[in-house]
């Protein structure tokens, strides 16, 4: 996590106890690419059932050959050649966002456990750019800015809950209650960390559902926080597999 | 949910506001089998690539034939014949338990969404039988009863947080804040409902990880709340597919 | 299998051995729906996390409500509500077609085993309607009829191979060679039977890749034999879940 | 493929046509590890939700720490930490063996296509060490050597079929018949090549079913040819992740 969006606020309505843990309120959601083996050529190798030793022949045919084959595979939804690669991300995000991420069943996940570790008092609050009001009916929400006080209202209300929750959490732990019980009072805004591995096909499917792109063939309406995760992952895909990403964009952002 | 374990407690430390929503504190975790097509004979049909019309021949061979084939398939880990069936459950449980359930990627899930619906003030508290203290080191915890005050301590501490959280949640909603934002203050003890579908092979895998059975070949140490879910599902499996369940037990509770 | 397309041909070039097994040459590919629990209302129940008891409320809202919700889910690619159902098919098809079918990893399969059973001399030959010549380059093939002799050529050439293969297969079995070895000479046109279970979401994905529909958002170019399988399965889907099927058609035949 | 097991036999009963393609009969089944990112430390990182930067702390704790954690994860069937890695193999094997491989649905596959390419006349014959006779009843087969003539019998019988099949295959191609049709006469002993990617958890599951190890908790009875594939893959696993492999062995060869 970068520290620029981090703010530590005095929690509203909590008595000034010098021994109380200081809450850390953050608005950043971080995604780090911690391991990978992914390239456009790996798609060609898989589609041609060939090895690295054959790459030279594809390269001598020029970018046009590789780009053309990838474009054809994407358009025809020949998805399996896009699976022979690997990206591992470390995501730090609030639990409600982690829950969106972990719906995706073709991924591999490991999350830090509140059964084994005492959680730190780090909680999510939306930053000033987050649109806080929804309009329209379910399935067709749009989000708009409210008046100037909304951001302060949300920050104060949530900080007050976080302070109370963490106070009781640590109180129960100090009284000897098991971590897996005490943690039940913690809010879904509590930060968690997840190790997540996927291949580029699974990633494109995730991106199609978790980014809001009006130009997509099937536009989606994700919550902004999971979209922040998706955008960072898409940057990694675009850097590692630019031809694959270009073909994905060209054909409506539907995973092959 | 049955109502017998339900108690509505006055929340500690919350001023007596006659307009405040009444918290509902529950200790029950419910699992209802809402749809299914599952039988031991379906395993035989799949293994023999036969149809209902062939059942008579298996039945005339006596229970010994069907039981023997199922036992052989289980012992040899021929798992695919156990997949041609279907059980759908409706689970009502706290979010932290739903998160355990939804780690299982061979299942299908639909959960009620806090983005679309206002959540009701229903929260989990352990009942008097729940062992509240852990001993031993990570991976080898055992749970023990504490002294007589633990249950009261946990109930009061958690109720205090739930009341504060729900107060701020409804406050934000009334101020026009989007549901998907306001919900971030709600604790992981908030009840949620999930529609979950699996086949008997996926179910046996789930049971092997989410029940604590010292006699299993690979004993597991699940949190008690997800085990309550698993136990109810296992009752359904045992009723619908008694020979399959018996073979599962006989061979160490490892899914084929 | 219906018998109408079945023909038993004398194999070309095989001596008239009265003890030789008679080859059965077939052109039909059969798909029987042997079990299911699938309806449009199951999609609504899953999306609403509700039970059969709530169906009345959806029905009183009229077909428009159910159709509208399903259309919205399809368009937005909310796929999970389409998973809480179950269709089991028994497919009888040549091995090369079974191989296409069994690429689909969200399905459950059981196939008759040539390790355990002696295979019968039943082989596929294309019928007179099958277009036997391909034109164009890979990925853009079109199939056209040849001249009048093509069908006879293919039938005779393949029958000659089938006769020789089956003769040596049975010869090896009679000499005491293991079934799993002897079968290696059998052609990929040999018929096999498969038990296959999927849900409607997995089925729609299969249909999108295994039917050739120029009006699809992403047209596919399957081999005709697997398309014959797909068309029969699509008939089942359309009968059991007409609103789901209509929404699938309306939104370009891309599985949600 | 190494060439040491390769033999080119004159096909029995085929007239000496100088223009006829020479059949290549092989007994080797090759598995090449063409790409990977897999290590024991990746398991620890995933289980601890940590990054490469934290490796030093595990290493200073000595091999005992890493081995102990991996052993605990294996024993407790905490499987997900074993998924954050990647092995890609190129397998060259007869079609009947490829079919066994491609039953495994947590893998990614690309196989060369007989729709797009003309297949070469390369076919499998068992080598002299292959036990060719089965004894016992289904599910309990044992394989034994036959008398000295068995190997010659199988080689000649299969070569005769291969020659006839390939002759008619090329004949149909020369007459203009589509490749996807002509190939239907080719036997399941025809060699194919497959690109296959998995993670170590999926690989251990595959190994548990596709190796015959009497000391396994759940012994399996795979056909020898797929076991040859499995053995080569197991060598790769053992080299890349020795602690993981040791724990797998120690706990009965059941994938976590």
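Heads up, the Cβ atoms here are built off N, Cα and C, so glycines get one too.
Note that the structure is a prediction, hence the values are computed from the model and not measured.
Mapped onto three states, the DSSP output places residue D:210 (active site, involved in ionization of N3 of dUMP, leading to its activation) in helix. The Cβ of residue D:210 (active site, involved in ionization of N3 of dUMP, leading to its activation) has 22 neighbouring Cβ atoms from other residues within 10 Å, across all protein chains displayed. As annotated by TrEMBL, active site, involved in ionization of N3 of dUMP, leading to its activation applies to D:210.
With a cut-off of 8 Å between CB atoms and residues at least 6 apart in sequence, the same chain places D:46, D:201 near residue D:80 (FAD binding site), listed in sequence order. Among the features that TrEMBL reports, FAD binding site is placed at D:80, D:103, D:104, D:105, D:111, D:199, D:200, D:201, D:205.
Marked as dUMP binding site by TrEMBL: D:111, D:112, D:113, D:114, D:115, D:183, D:210. Sequence-distant neighbours of residue D:114 (dUMP binding site): residues of the same chain at least 6 apart with a C-beta under 8 Å from its C-beta are D:179, D:180, D:183, D:186.
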Next item on the list: Please report the DSSP secondary structure of residue D:111 (FAD binding site), reduced to three states.
Entry: strand
Item checked: Proximal residue to residue D:210 (active site, involved in ionization of N3 of dUMP, leading to its activation) among binding-site residues D:104, D:111, D:112, D:113, D:115 (C-alpha distance) -> D:104
Next item on the list: Within 10 Å of each Cβ, count the other Cβ atoms and name the one among the binding-site residues D:104, D:115, D:183, D:205 with the highest count.
Entry: D:183
Notebook entry, point to check: So which of the binding-site residues D:80, D:111, D:112, D:113, D:183 end up next to chain C, with Cβ to Cβ under 8 Å?
Noted result: D:183
Checklist line | Length of the line joining the Cα atoms of residue D:112 (dUMP binding site) and residue D:104 (FAD binding site), in Å | finding: 18
Note to self: Please identify, from the binding-site residues D:113, D:200, the residue with the sparsest Cβ neighbourhood, meaning fewest other Cβ atoms within 10 angstroms.
What the structure shows: D:113
Notebook entry, point to check: Which residues in the same chain, at least 6 apart in sequence, have a Cβ under 8 Å from the Cβ of residue D:111 (FAD binding site)?
Noted result: D:98, D:102, D:192, D:193, D:194, D:195
Check: Counting every protein chain present, what is the number of Cβ atoms, excluding its own, within 10 Å of the Cβ of residue D:112 (dUMP binding site)?
Finding: 18
Margin query: Through the lens of DSSP with three states only, how would you label residue D:104 (FAD binding site)?
Written below: coil
